[in-house]
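Colleague: Right, I'll just put the structure down here and ask away after.
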Amino acid sequence: MAATAREDGASGQERGQRGCEHYDRGCLLKAPCCDKLYTCRLCHDNNEDHQLDRFKVKEVQCINCEKIQHAQQTCEECSTLFGEYYCDICHLFDKDKKQYHCENCGICRIGPKEDFFHCLKCNLCLAMNLQGRHKCIENVSRQNCPICLEDIHTSRVVAHVLPCGHLLHRTCYEEMLKEGYRCPLCMHSALDMTRYWRQLDDEVAQTPMPSEYQNMTVDILCNDCNGRSTVQFHILGMKCKICESYNTAQAGGRRISLDQQ
C-alpha cells in the first residue's frame, strides 16, 4: 500500500492508516525540501523530481491525532508509537527488525548488529562469516550494481559479495545466474564452479578432436587466477594449467606443434 503526498492540511493518506509498502510506522515525515507529508523518503522520491534528505528531517505528523511535532519515537499528543525502532540520525521509523545505526556506513542496517562487522576498506557492513574471508576492494559499496546500475550502499536489497570482491544486489545476482556464471565487471567466476569443471573434464575426455586439431595448442588467459598458459585446443573449453578452471579466454592465435608440421 503506497502512500501519497499531500500539502499541509490537504486531504491525502487516511487518518490512522499505518505505514506504506516500505515501512511500518505511525507517522508521516514532513519533507524539509518541499514541506509535503510522506510516509517515507522512498515514497517521496518516487513521486517528486528531487530526493528527500533523511538527515534533515525535523518534523513528523502523527497518523492518529495529526499533530505535527518534532521527530521523536512517540507522539507527544496521543502517545502513538511511531516505530518500534527509531533512529534519531536517519529518522527511520519501523517495526523491530534488529536494526542498528552504523556510524561508518552513515545509515541504519538490518541486524542483529552482532552478526555483522564493518569492513573499513570495502566501506560496508558484512556478515561475520566473511571476516577475513573476502577480497577487499576499496569503497566497493559506493559503486553501483553492474547489473541494474542502481545504488548498492543505501539499497534496501541485500548485497551479495562475489569471490572477486565485487558487489551485486542479491536479486540481480540470482537473475545473473540464470544466464551465466561470471562477474560482469572482471569475468571472475561468481560462485564455486569446481563440480562443473570436473564434469567438463569428463566431457572433454569423451570428445576427441578431429585429427587435424589434436596437436593444436593455444595460449590462454584465466579469468579466475589471471594466469597464462599454453594448452591443447578443444572446442568444449580450455583448462587453465594453474588453477584448473575452464573460465579462460584465448590470448593468442592457434598453432600446430612443430613435430606435426
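Numbering starts at 1 and runs along the chain as displayed.
In case you wondered, yes, glycine gets a Cβ from its N, Cα and C as well.
In case it helps, Swiss-Prot gives these features for our protein:
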type	residues	note
BINDING	C20, H22, C40, C43	Zn(2+) 1 binding site
BINDING	C33, C34, H44, H50	Zn(2+) 2 binding site
BINDING	C62, C65, C75, C78	Zn(2+) 3 binding site
BINDING	C87, C90, H101, C108	Zn(2+) 4 binding site
BINDING	C102, C105, H118, C125	Zn(2+) 5 binding site
BINDING	C119, C122, H134, C136	Zn(2+) 6 binding site
MOD_RES	S257	phosphoserine
ZN_FING	13-80	zinc finger
ZN_FING	82-144	zinc finger
ZN_FING	145-189	zinc finger
Colleague: Sequence gap of 6 or more, Cβ distance under 8 Å: name the residues on the same chain that satisfy this around C75 (Zn(2+) 3 binding site), in order along the sequence.
Modeller: G26, C27, C62, N64, C65, K67, Q69, L81, F82
Colleague: Do me a favour and check the Cα-Cα span between H44 (Zn(2+) 2 binding site) and C87 (Zn(2+) 4 binding site); whole Å is fine.
Modeller: 19
Colleague: Based on DSSP, tally up the residues of the zinc finger (13-80) by helix, strand and coil.
Modeller: 10 helix, 14 strand, 44 coil
Colleague: Name the one residue among C20, H50, C90 whose Cα is closest in three-dimensional space to that of H118 (Zn(2+) 5 binding site); these are the binding-site residues.
Modeller: C90
Colleague: Same chain, not part of C102, C105, H118, C125: whose C-beta falls within 8 angstroms of the C-beta centre of the Zn(2+) 5 site? Give them in sequence order.
Modeller: E103, N104, R109, F116, L124
Colleague: Could you tell me the C-alpha distance between C136 (Zn(2+) 6 binding site) and C125 (Zn(2+) 5 binding site) in angstrom, no decimals?
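Modeller: About 12 Å separates the two Cα atoms.
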Colleague: Rounded to a whole angstrom, what is the C-alpha distance between C20 (Zn(2+) 1 binding site) and H50 (Zn(2+) 2 binding site)?
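Modeller: That separation, Cα to Cα, works out to 20 Å.
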Colleague: Out of H22, H50, which of the binding-site residues has the smallest number of neighbouring Cβ atoms within 10 Å?
Modeller: H50
Colleague: What's the number of neighbouring CB atoms sitting within 10 A of the CB on H118 (Zn(2+) 5 binding site)?
Modeller: 14
Colleague: Among the binding-site residues listed here, C65, C125, whose Cβ has the fewest other Cβ atoms inside 10 Å?
Modeller: C65
Colleague: Could you check which of these binding-site residues, C34, C40, H50, C78, C102, sit within 10 Å of C108 (Zn(2+) 4 binding site), going Cα to Cα?
Modeller: C102
Colleague: What mean pLDDT does the predicted model reach across the zinc finger (82-144)?
Modeller: 95
Colleague: By the DSSP assignment reduced to helix, strand and coil, which category contains C90 (Zn(2+) 4 binding site)?
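Modeller: Note: C90 (Zn(2+) 4 binding site) is coil by DSSP, not helix or strand.
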Colleague: Pick from C20, C33, C87, C105, C122: which of these binding-site residues has the biggest number of other Cβ atoms within 10 Å of its Cβ?
Modeller: C122
